[in-house]
Amino acid sequence: MNYFLRKMGFYVVALWAALTLNFAIPRLLPGNPVDILLAKLQQRGGTVTPETREAYALLLGGDDSQPLWNQYVDYLRNLLHGDLGVSVSYYPAQVTDVIAQSLPWTVILVGMATVMAAVLGVTLGAFVGWKPGTWLDSLIPATTLLAAVPYFWLALILAYFLARVLGWFPLQGGYDVVLDPGWNAEFILSAIHYGALPALTIVLASVGGWLLGMRNMMVSTLSEDYVLTAEAKGLSPRKVLRSYASRNAVLPSIAGFAISLGFVVSGSVITEQVFSYPGIGGRLLGAVTNNDYALMQGLFLVITLAVLGANLVVDLLYGLIDPRTRARS
Amino acid sequence: MTNLSPANEPSIVAEAEAEQVARDRAGRKPLSGWRMLLPTMTPWLAVGLVLVGAITLFGIFGPYLVGDPRQIRDIGLTPPSGDFLLGTTQTGQDVLAQLAYATRGSLQIGILVGVLATALSAFFGIYGAYRGGFADEAFSLLSNVFLVIPGLPLVIVISGFVPRESRGLWTIAVVLAVTSWAASARVLRAQTLSVRNRDYVAASKVSGEKPWRVIVVEILPNLLPVIASQFVFAVIAAILGEAGLSFIGLGASNSATLGTMLFYAQNGFALSLGAWWWFVPPGLVIALFGMGLSLINFSIDEIINPKLKNLRQHRRRARKAARLERELARASRRSRPRAQETDAARDVEAAKEVSAR
């Protein structure tokens, strides 16, 4: 139980740090976001009342009438109520609505692609590490090339060959625009068709890391005594591989999920830009180019929350599958 | 605390000692201390060194050999030819010339961020673990928090708030460094914890050495291979991160990098116009440079974790044994005189014995 409490405690601290970072960044950096934002708002035909100004100032700083501490408390209170302000680039939509629209796209895309890459990489890695010296081992240096390829460049190359030259996949977008978004077969098939290229990009670019990590752990695990014992008992090689070696070797890969998820999310942000995908990443970049600071901060918070949440789940699962971690803490 | 590192992180020192013992037993000359910190030459290491060396030379001397990368000509989007080896951009600029300057820019930022991030991770990882107590807890918590906060979105938000005029090379470098040191700091902390309690460190402490001296003279040399490997990774990550930022138009405003090239290629519709010679080379340079550094890192990994090195040697012996076995099979098929056959059989036995060792 102690282990789970500690984990929860850590994530509460991490969440607080993210919120505070979000509060501090606009206040520490040069420039005056509130004025830019209000000017944009007026261009869009919005009325600027003192209340709007105050709401933005709470989010982005620039309000000197109140002490910093009060601003901080008010900022946290607004966040608790789910009030992230009005988006300028999607005026008059609320930031929360814009996020709610784009979040499912990214969660499904990144989630599916990450799971596929992890399963593929760990399985391949287990086999490569199990039989060192076979032709599979020559895959290893090739994966370093894939790991060093910039996500967005891989996306460009795939888009060029598979979409433009071969015409197998559409070049841009998240679904066929003539269809109405909804839970019908036609729309879902279209979404899968459009999502295939971005997903392929993420899988290709991240599978190498999983493969390499698993392979190296496998090599270390094979010299453990319990593997030798299992072999000496006369167990079939398949059983040793599955139930003894890979089970133990996979633990660091699961534990390393946090780092890889951060990388994948970072990579997918830019990949979405290449494919004009209607997800979080595309919105974030749109918000940056339009100086839509409120949306920018909201999106950063949501991305951080999602990554923290996924890590919390993985950590709690890890405590279940590896009893040593619980015993140690 | 999160559990991100392997449960059984190799202790370099113990492994190195084990290897020394193995060498003594095999009757080979023991390697000197410095030689053990250097990687053994393998084909892959050679490939890595050649890739990194060639691209570095291209970045250093290339700009002197090519023309003005900004000069506009009326031959937009010509494919590669004798005059322009990599073709031209939409406005007729020489892609090769741009590539040379951009490679230089990317290398500069990569090394700058690599140094900054390595320094940060060394400080937070080693110093905290050495002091122990509250400093350790605080530093460890800090690096864990930085580890779970996604880096690039944070960098994008920070760059988004900085006005374009004040977004210089150093700003981008500092932002990238601040968001990328955490993972390395965790590994260094674990390694420092295992080195900290060794007798010679304690002896140095008891004899009244200052903390910085104990760290630099007694602890740091043990961590050098790890730090070298982390520096290499930091350079790759920085070049990739900067390319991503520049690609979305958030890079340093006064520098030309490979990411900037890709930004202009994307905005000049290189993709839909089919101008592959415009967007393929910059990414390829990044990928090959990163691959070269990763291959170098494999060799550094063999120093950190000698099990990997033993594996490679074991594999070589296994291959040799397999080759001899094939030769034997061939020999027996041709039903050569008996004497030769037994010779080959003895060779196989010997090779098998070696590989089993």
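Each Cβ is built from the backbone N, Cα and C atoms, and glycine gets one as well.
Whatever TrEMBL says is automated annotation, not expert-curated.
TrEMBL lists B:44-66, B:109-130, B:142-162, B:169-188, B:285-304 with the feature transmembrane segment. Under the heading domain 'ABC transmembrane type-1', TrEMBL lists B:103-297. Annotation source TrEMBL lists region 'Disordered' at B:327-357. Summarising the annotation, TrEMBL assigns compositional bias 'Basic and acidic residues' to B:338-357.
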Segment-segment contact (the transmembrane segment (B:285-304); the transmembrane segment (B:44-66)) at 3 or more Cβ pairs under 8 Å: yes
Same-chain residues near the transmembrane segment (B:169-188), Cβ under 8 Å, at least 6 residues beyond its ends: 4-5, 9, 108-109, 112-113, 116-118, 120-122, 124-126, 129, 139-140, 143-144, 146-147, 151-152, 154-155, 158-159, 162, 223, 226-227, 230, 233-234, 237-238, 241-242, 245, 251-252, 254-255
Surrounding residues of the transmembrane segment (B:44-66) on its own chain - C-beta under 8 Å, 6+ positions past either end: 94, 96-97, 99-101, 103-104, 106-107, 285, 288-289, 291-296, 298-299
